[in-house]
Structures are given as structure tokens and as C-alpha cells.
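Copied over from Swiss-Prot, here are the features:
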{"type": "TOPO_DOM", "residues": "1-15", "note": "topological domain 'Cytoplasmic'"}
{"type": "TRANSMEM", "residues": "16-30", "note": "transmembrane segment"}
{"type": "TOPO_DOM", "residues": "31-480", "note": "topological domain 'Lumenal'"}
{"type": "CARBOHYD", "residues": "N203", "note": "N-linked glycosylation site"}
{"type": "CARBOHYD", "residues": "N281", "note": "N-linked glycosylation site"}
{"type": "CARBOHYD", "residues": "N341", "note": "N-linked glycosylation site"}
{"type": "CARBOHYD", "residues": "N393", "note": "N-linked glycosylation site"}
Amino acid sequence: MSRKLSHLIATRKSKTIVVTVLLIYSLLTFHLSNKRLLSQFYPSKDDFKQTLLPTTSHSQDINLKKQITVNKKKNQLHNLRDQLSFAFPYDSQAPIPQRVWQTWKVGADDKNFPSSFRTYQKTWSGSYSPDYQYSLISDDSIIPFLENLYAPVPIVIQAFKLMPGNILKADFLRYLLLFARGGIYSDMDTMLLKPIDSWPSQNKSWLNNIIDLNKPIPYKNSKPSLLSSDEISHQPGLVIGIEADPDRDDWSEWYARRIQFCQWTIQAKPGHPILRELILNITATTLASVQNPGVPVSEMIDPRFEEDYNVNYRHKRRHDETYKHSELKNNKNVDGSDIMNWTGPGIFSDIIFEYMNNVLRYNSDILLINPNLNKNDEEGSESATTPAKDVDNDTLSKSTRKFYKKISESLQSSNSMPWEFFSFLKEPVIVDDVMVLPITSFSPDVGQMGAQSSDDKMAFVKHMFSGSWKEDADKNAGHK
């Protein structure tokens, strides 16, 4: 009897061992198979050193609006543009998510949270946006949040960690949040003046009205028959405002760009290609401009355009022979010009114009609507295809129609979007699925450049300008 029992126990043990081994084998096989499957699309942390970083300044051979994300030959996405497009695909027909993002050093419940900001914060998290999910990201939660959000593209996280300064990181973070999740980002020192649902981007009747009352503006490649009524009626995918429109001869002494887009408040759908290009540019710039990037940058960038990646060659400094272009950046030598052209409104504006020029060049169905070209303010309306007539000089000098000839020539001869298209805006403008709001919308009460008061119908957000990042950065770098 004892022999039979011993044999039975041994048999059961053997079966248990066999089953356990088979189970472990199955789990390992599944894990390895799953890992191989994921590696076809997402590079691991060990692989991201091989990621190629295309320059955004030379994208003449690609249609940025219709980016294809599958490399059929290698079945792997080695290009950061491809990786971003695949990880965060863009759905132009989806609504803008009802989310509001803000960031600060500490959470709102922390005793060190500025008391003045509580009033501003309540406008974003209160009755003006009751149906919106509000998120305040504090400094100590940024890295864990990004590591989860951008796990498919770890090189982006690497670049974020390498940034020499919190101002650069704050700029980069807003683009990363909107690209991955969408919604509205607004600086902590901003106040929401009107309910979000009253914004032109949220108002379907306004969108329908602007389409009905304004003919699409032609450009060289345009084919009106290709414009789909369904596409036209969709909510914009990116909503931005004018920050600066200095119509003066000495504008370059005060501003980085003649038309500068505001980035303290941005509304977007996740995956928008402009944000993708911005993230690509900032990631590549960071890795190429800082000390000890931890990756073989020279093997990742396009050797034909090395200067595109170095922040020291941006804007005015490109032709400054006295500037040390080879000097790598650290937290002691980053100044206001670096921030402006690395993550700030300078590069933000450049990327937007580059994208618009690209889509006009490669697509024949881009919707261009500019009510500011169709009317002469109080003088009534005219067609955008004919020059302004019988308008006094003072009125014309403060109207977009002042630049009618330049705008028409740029669009119809070279598929080029001129900055003049966005000057003196009183009404929102549409370029494909990008809506550009007048300076009054996010900069009321500034008392210049045509900005109106907070009571104006087009005033939606007020910036309190509590920060002085450029002055602080210049002092940090030893500038006066």
C-alpha cells in the first residue's frame, strides 16, 4: 500500500513539475513574442541611441500633413518624426479634449503655492469650465508622468532631463502635454475671461458662419473642387493667438519675430503635426546643444545641415562672427535669446510658418479663410480678390488689407504664407485646421499693437505677466 501511495505522490509531483515548467515556458514565450512585436514599432531605451533626428528646417521632400508612419522595409521606426506620429496618431475629425493643463513648482494645496495664483487658477477650474478636466502638474510629478506618457519615445524624455534650465523645461512640457493628451494649456499667471465653450474654436455656429460669409482664399496649388464640406466644418486642430504684431520700423530691437505667436495659452487636439514638428526640433536641438548628451549625436543628425541643430546658430546669432557658436550650453550660460529660439515663442512661430508653407506646397485642398482681408473695418466689406478702394489712409494703415498685394503675390506665386497674413487681425483666421486668434484674444489690455480691453468680445484669456524669464535668463548668463 505504501509503495502505491509513494508512486502516486511521485507521479503527482512529476505532473506538477511538468505543468509548472510548461506554464513558465508559455509565459516566457509570450513575453519574448510580445517584446519582439513591440520592438517592431517602439525602440527600447537601448535602441534610442540609433534614432535618426531629421531637421525641421529642411523638410522639402515630405508632406508634413500626411506623414506616413510605417517603414515597410525595416518594419521599425528609426526616425523620431515617425516614432512620434505612430505613438500619437492625429485624428483631425476628433473633438478637442475637454482638458485644462497648468504647471507649477508645487501643487495648489502646498503652502508655498502663490496666493495670487489661486484667484487665477479658479477661473480655469471653476464655473467657466465646469465640464473640463483640470490638471495641475507639479515639478515632482513631471518626470514620472512623462516616463509613462512618452515611454514609446524615450529619447524625448532624455532630452527633457538634459535641458539646462527650468524655463526651457516649462516650455517643452506644455507641448508634450498637448501633443500626447490634447486640450488647453495655459500659464499659471493667466485668467480665463469667458467660458471656454464661447471661444470661436468651440462655437459651431461661428465656424459655420465664417465659412458661409468668406470665400476660401486661393493659392498657387489650390483646387477649390477638392475642398470637402465635411473637412471644412470640423473643429480646428490647433488654436493659437498673436503675441506680438509690432508695425514699426525698429520692431527687431524689441521682438524676435515680426509676427510672434503666443504660447502661454494653446488649445490643441492630441497628435497635431505642428506640435510633432516642434517636439522633434526641441529634442534634436537639446541633444546637439548641451554638454554630455549621452548619445552619439553626430550619428543621429543629418550631416548636411549640422547648424540647424545648434541653438547658437539660431536667428540673429547665425551671422554673428563674434559669437562662440561651438560653445555647448549649460545652466550657467543659457540666456534669453537661447530660450526664445530653443523652446520659446521664436521657434514656436518659426515651426508654425514652416508647417504652413509645407502644407501649401504639397496639398491642393488647404482651406484659407481671413475675414480681415474681406473688409475695411467700419467701411464695409469687399472681396479679397480685389484691392481696397476708397478707403482713407488711416483706416487702411491699420488693416490687414494694407498688405493685400504682398499676401496675394506670396500665396499665388510661390505657395508661401507671409507674416502679413496675420497682421492687424480683428477676427480669427483659419489656415487648414489651424485657427489664429487676434492679439486681443490672449493679450487684452496691453495697450499696444491693436489689442483691445478685457471687455472686448474677442478677449478670452488675460496674461498677468507675473514672470520675467528673459530678464532672469540674461542675468543668469552674465548679460545686462
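Any Cβ shown, glycine's included, is placed from N, Cα and C.
On the structure: features taken from Swiss-Prot.
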residue	record	CB count, 10 Å
N203	N-linked glycosylation site	14
N281	N-linked glycosylation site	25
N341	N-linked glycosylation site	24
Local backbone state of N341 (N-linked glycosylation site), from DSSP in three classes: helix
Mapped DSSP class for N281 (N-linked glycosylation site), helix or strand or coil: helix
Rounded inter-Cα distance in Å - N203 (N-linked glycosylation site), N281 (N-linked glycosylation site): 33
Distance [Cα-Cα, Å, rounded] between N281 (N-linked glycosylation site) and N341 (N-linked glycosylation site): 11
Model confidence over the topological domain 'Lumenal' (31-480), averaged pLDDT: 88
Conformational class of N203 (N-linked glycosylation site) under the three-state DSSP mapping: coil
